[in-house]
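Asks: Next up is a structure, given as C-alpha cells.
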Amino acid sequence: MASDAPVRVRFAPSPTGRLHIGGLRTALYNYLFARKHDGDFVLRIEDTDQARYEPGAEDDIREALAWTGLEHDEGPEQGGDYAPYRQSERSEHYHEYAQKLVEAGRAYYAFDTEEELEELREEHGAYDGSTRRQMRNSLTLSDEKVEQRIDEGDDYVIRLKVPRQESVQVEDEIRGTVSFDTSEIDDQVLVKSDGMPTYHLANIVDDHLMNISHVIRGEEWLSSTPKHVLMYDALGWEPPAFAHLPLILSPNGGKLSKRDANELGIPVYVMDYREAGYEPEALLNFLALLGWSPGTEEELFALDEMVETFSLDRVGASGVQFDLDKLRWVNEHYVRALSVDALAEKARPHVEAAGYDVSDDRLQTICGLVQDRIQVVPEVVTDNRYFFEDPEAYEEAGVEKRWNEESADLLLAYADRLEGVDAFDTDTVETELRDLADEKDVGAGAIIHPSRLAVSGRSYGPGVFGLLAAVGKEACIRRMHRAVEALG
C-alpha cells in the first residue's frame, strides 16, 4: 500500500462467540490509528466458518463496540462504499479470485478424502510442497480427469501452491522484517468443500477490494501472513502494511486462556466487564497501555487523548501480562471522576438487583459517602451493605480494640438522645454525640467507635456522622440496641 494512500483499517472479528478482551484491544488500536490519521475504521464480519457460527455473536460484537464508544465508519449496519461487510454475502468475489489463482498456477484443486488426509497427517504431517505429489489433486491428475471429477460433483477444495525452498519476507510495523521459510508452510486450503472460502482467501481479497491500508491484528496471525503475502504476489496486488500486536498474557506469564482467566477472576469477554461494573473509558485506557507506551509517566488517558498520542512505533512486540489490580486502579480514578448523580444512576441497577428499595435522594447520599472508597460501581452495594440492611456480625478486631466496659452504657445513652431528635441529619447526630461526650466527660471517640461498630459492623468506613444520617434514625437506634445485646 502506497505510503500516501488514505488510511483505512478494519476490525474483522469472526462471530463464533462473544467478543474477547483481546479482540477489543485490537479494535481499539485500529480505531486509534484511524482517528490519528483522519482515516476510516471499518467493521467487517468474517463469518465464513458457518460450522462455528454462533447466533447472537455479531450482536455481542456490536454491543461491545457501542458500549466502549469505538464507533466505526463503515460496517454491516450502516453500509458504505465497499458493502456488503459480511463475508458470507461476498462469496462471488472469493470464487473469482480463487479461480484466478488456479489459472495462474498458484493454487490447485485437491480431491483427497478425509481418510487420505488423516493418513497423510499421520505419516508426513503436512500437505505441502514435499507431499502434494503423492495426493489426488490437479497437480497429479490430468486436466481431463480434473474436469470430469468437478463435473460429476466430486468434493474438492482449492489449495494454495506454496513454492518450495524460498524465503518470504514480511515487513511488520512493530517487529520489523520477519522471514519465513516456505518449506515450513503448508498448502493452505483457500476454498473448502462446501464452497466457502477460508479466512486466508477471504481476508486478502476483502482487504484489497476494500482498500485497507494497514492490517493491525494479533500476533497469532503472524504465522499466516507469509501465505497472505504469497497470494498478494500471485494476484499482482500490493499488500497492506502489517502490524501484529503482542499477546496478552496471564499474570502467571502464559497466554491468557479462558481457563486461566476464570481461575484468576479475570473476565474474558468484553460485556462481562460491563456486568462487573467497570467503566468503558477505564477499560479502554487500561487496554491501550497493554502493549503501547505513550512515552511518558502518564497512565490516565481519555479516548481523544489516546488518539492524539498513539503510534504503532511505540507498540512493543513482547507479550504483556494482564494485571487485574491495575485495571481496578485505573477504574477507581474514573469512578471518582463521576458526579454523585452519575454514580447513583450507575449504581441503581445493582441496588435493585440486590433487592433493596432506596430513594434517589438516599442513594445519592450513600454514593457521596462511599465514592472515594470503591473501585467499581457495584461496590456501592457489595462493600457497603450496612447502608441497606442490619449487619449480621461485628468485626472481631474492631470489637477487641474499640468495645470496652463503658461502650454499652454510652451507646444506649446516645440511642436515647437520638430517639428524641426531630431532624436526623449529619449536624444533629454530631451535636448529640458531642454533647453526650461532654456530659459523660469522655472523649468523642468513646462513642464514635462503638456507634460505627453497632451501625455498620465494622471499625472503618466513611465519616460516622454521615454514616448514621444515611442509615436513618430508626435503623440506627435498632442497631445500637442489638449491638449492646450482642456485645454486652
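Glycine is treated like the rest: Cβ placed from N, Cα and C.
Note that this is a predicted model, so its numbers are computed, not measured.
Quick paste of what Swiss-Prot says about this protein:
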{"type": "MOTIF", "residues": "13-23", "note": "motif ''HIGH' region'"}
{"type": "REGION", "residues": "71-90", "note": "region 'Disordered'"}
{"type": "MOTIF", "residues": "255-259", "note": "motif ''KMSKS' region'"}
{"type": "BINDING", "residues": "Lys258", "note": "ATP binding site"}
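Mind running through what each feature is packed against?
Replies: Counting residues 6+ beyond its ends, the motif ''HIGH' region' (13-23) has Cβ neighbours under 8 Å at 45-47, 49, 52-54, 57-58, 60-61, 64, 199, 218, 248, 256, 267-271, 273, 287, 322 in the same chain.
Outside the motif ''KMSKS' region' (255-259) by six or more residues, the chain places 22, 247-249, 266, 268, 319, 322 with a CB less than 8 A from a CB of the stretch.
The C-beta environment of Lys258 (ATP binding site), restricted to residues of the same chain at least 6 apart in sequence and closer than 8 Å, consists of Val268. Lys258 (ATP binding site) falls within a helical segment according to DSSP.
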Asks: With Cβ-Cβ distances below 8 Å as the criterion, list the same-chain residues six or more beyond the ends of the region 'Disordered' (71-90) that contact it, or say none.
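Replies: Tertiary neighbours of the region 'Disordered' (71-90) are 11, 31, 34, 40-48, 50, 58, 62, 65, 196-197, 202, 205-206, 209-211.
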Asks: Over the motif ''HIGH' region' (13-23), what does the predicted model average in pLDDT?
Replies: 96
